[in-house]
Amino acid sequence: MGMGKQGAASLFAVILASALVGLKAGGNFYEECDATWEPQNCWAYDDGNRLSLALVSNSSGSMIRSKKQFIYGTVSTMIQLVPGDSAGTVTTYYTSSLGDNHDEIDYEFLGNVTGQPYTIHTNVYADGVGNKEMQFKPWFDPTADYHNYTISWAPCMIVWYIDGVPIRAFRNYEASHGVAFPTSQPMYAYSSIWAAEDWATQGGRVKADWSKAPFVASYHGIDLDVCECYGGGCVAGCAAGFGGSGRYCSLSAAGLGKMQWVQSNYRIYDYCADPKRWINGQKPVECDLAQY
């Protein structure tokens, strides 16, 4: 159903109000994280409340990882993406388990040439299989200030938020329809910056301008509201704690309206609408099922 100009303006005002509420992430990087790749390109400051990750060459970026492993919860941070010409770079915020058949929930921010928007890339893997990409262009400048990015992972569904606004939901249909969903492998939270010149910007047509290196992404605070778990019996306990029909398993009417507004106006790719990606020409089962 279409929305008139007055209705669209009212909804946008609600989204802006949500952003003001969502622009907050506490937590200390010293206490919560370790640098796991190229630590010389990672530095914390402001008593550990702020962090910068630098990409200095096509083989030398940086990564941090949470000290905690967990099953279910919400992970949140505020990021100011690489300003100016960020072509060929990828900044990330995601959760992932270890091993080849891993589970993963992604935010990847694909850089672009000066004046062109970033691509906000989302995906989910279960048992090593992903191919569930959904992409957005931002309705704000992600390089001008910090914005809050949150992943909510519960046994019933995953929701991606920006500044408190849900942009995507992925519901658990594993038991009812055989759709793989991350349920049993403890994950870490990660942030990184790395080079992906072969695909990140305009399908790889635009490469990084290394004369502009280092490319620096800045982070402010990290919140891990999670069920700490390293495998074994805690998996079932965490599932019980985050299960049911509470706030983790549904979106409010207002939240649903915001998500539909974002997807109608700013979604630029959906694997469900890309037959070239379907296996044997068959649309993935979940594409015809409600995701919220």
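Each residue, glycine too, has its Cβ placed from N, Cα and C.
Source: prediction; values computed, not measured.
According to TrEMBL:
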{"type": "ACT_SITE", "residues": "GLU104", "note": "active site, nucleophile"}
{"type": "ACT_SITE", "residues": "GLU108", "note": "active site, proton donor"}
{"type": "DOMAIN", "residues": "23-219", "note": "domain 'GH16'"}
{"type": "SIGNAL", "residues": "1-25", "note": "signal peptide"}
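Of all the active-site residues listed here (GLU104, GLU108), the one with the fewest other CB atoms within 10 A of its own CB is GLU104. Summed and averaged per residue, pLDDT over the domain 'GH16' (23-219) gives 95.
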